[in-house]
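**Student:** Before I ask anything, here is the structure I am working with.
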Amino acid sequence: MTAQNIDGTLISQTVRSEVAARVKARVQAGLRAPGLAVVLVGEDPASQVYVGSKRRACEEVGFVSKSFDLPATASEEALLSLVEELNNDPQIDGILVQLPLPAGMDTTKVLESIHPEKDVDGFHPYNVGRLAQRIPKLRSCTPKGIITLLERYNIPLRGKHAVIVGASNIVGRPMTLELLLAGCTTTTCHRFTQDLEGHIRQADILVVAVGKPNFIPGAWIKEGAVVVDVGINRLDTGKLVGDVEYDVARTRASFITPVPGGVGPMTVASLIENTMMACEQFHTQG
């Protein structure tokens, strides 16, 4: 068996095209285009790359993208004041504060200061709570993007055993909630998990998000499993690899996400979908 690659680049382009058509229809109907505010604090090179791709993607679909770059020396009060200003701006549908924030800033406090209806990253406890209660609105971007990939490839989830490796607030925990909502029996593995291999060998759906290159041996993959690799790691050679040993895993899996070109593009596509949804559902006037 050789796994079929799940093409995140292709699906993300499809999602972007769908959103662009909705934006065009809005504007033709005399309504304003959705607005996204992207806030970057400091000059972290990786964050600058991510922010640049998000801003470009927004402009490509016809959003109004507003950039707010604060120096690394900015105070937490200055950031909270900016967020409050954006909360009250009727032209802004989504607020994205790029993480990580500089040391000394309270990330939880900053994320909680974003109005839940403008929380297009889906990190606010209110939005995570809605997902836990099976009434999601704005959903965490990477898990939402993964569900979109699985749906677009018509991969059945109901009744399947899903194993999630990694329990971060950004991917692992909301991913568990998404798969539970989709009808899976879920197992979440983390640093204290005993017999990781035993859990992985039982997975019909495996989602790995730990940030360690080739952390999961391909030989552990159950025959016919669906493998979603969220990791993106650069080796000393410069090559980008995921958290799963891809070459071996693809000989056992039925579907697998490559790195790069799998999950990554879907995170930005989900951000765009969330901003569109916030505009249509919460901020429809004008």
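Positions of Cβ are set from backbone N, Cα and C atoms, glycine also.
Swiss-Prot lists GLY166, ALA167, SER168, ILE232 with the feature NADP(+) binding site.
What's the neighbourhood like for these features in this structure?
**Tutor:** Reduced to three states, the DSSP call for ALA167 (NADP(+) binding site) is coil.
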**Student:** I'd like the Cβ neighbour count for ILE232 (NADP(+) binding site), meaning other Cβ atoms within 10 Å of its Cβ, all protein chains included.
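**Tutor:** By my count, 16.
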**Student:** Tally every other Cβ atom lying within 10 Å of the Cβ atom of SER168 (NADP(+) binding site).
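**Tutor:** A 10 Å sphere around the Cβ of SER168 (NADP(+) binding site) contains 15 other Cβ atoms.
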**Student:** Return the residues near ALA167 (NADP(+) binding site), defined as same-chain residues 6+ apart in sequence whose C-beta is under 8 angstroms from its C-beta, sorted by sequence, else 'none'.
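**Tutor:** Set apart from ALA167 (NADP(+) binding site) by at least 6 residues yet with Cβ under 8 Å, we have ARG173, THR176, THR188, CYS189, HIS190.
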**Student:** Hey, what's the widest CA-to-CA gap across GLY166, ALA167, SER168, ILE232, the NADP(+) contacts in the record, in Å?
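**Tutor:** Across GLY166, ALA167, SER168, ILE232, the two farthest Cα atoms sit 17 Å apart.
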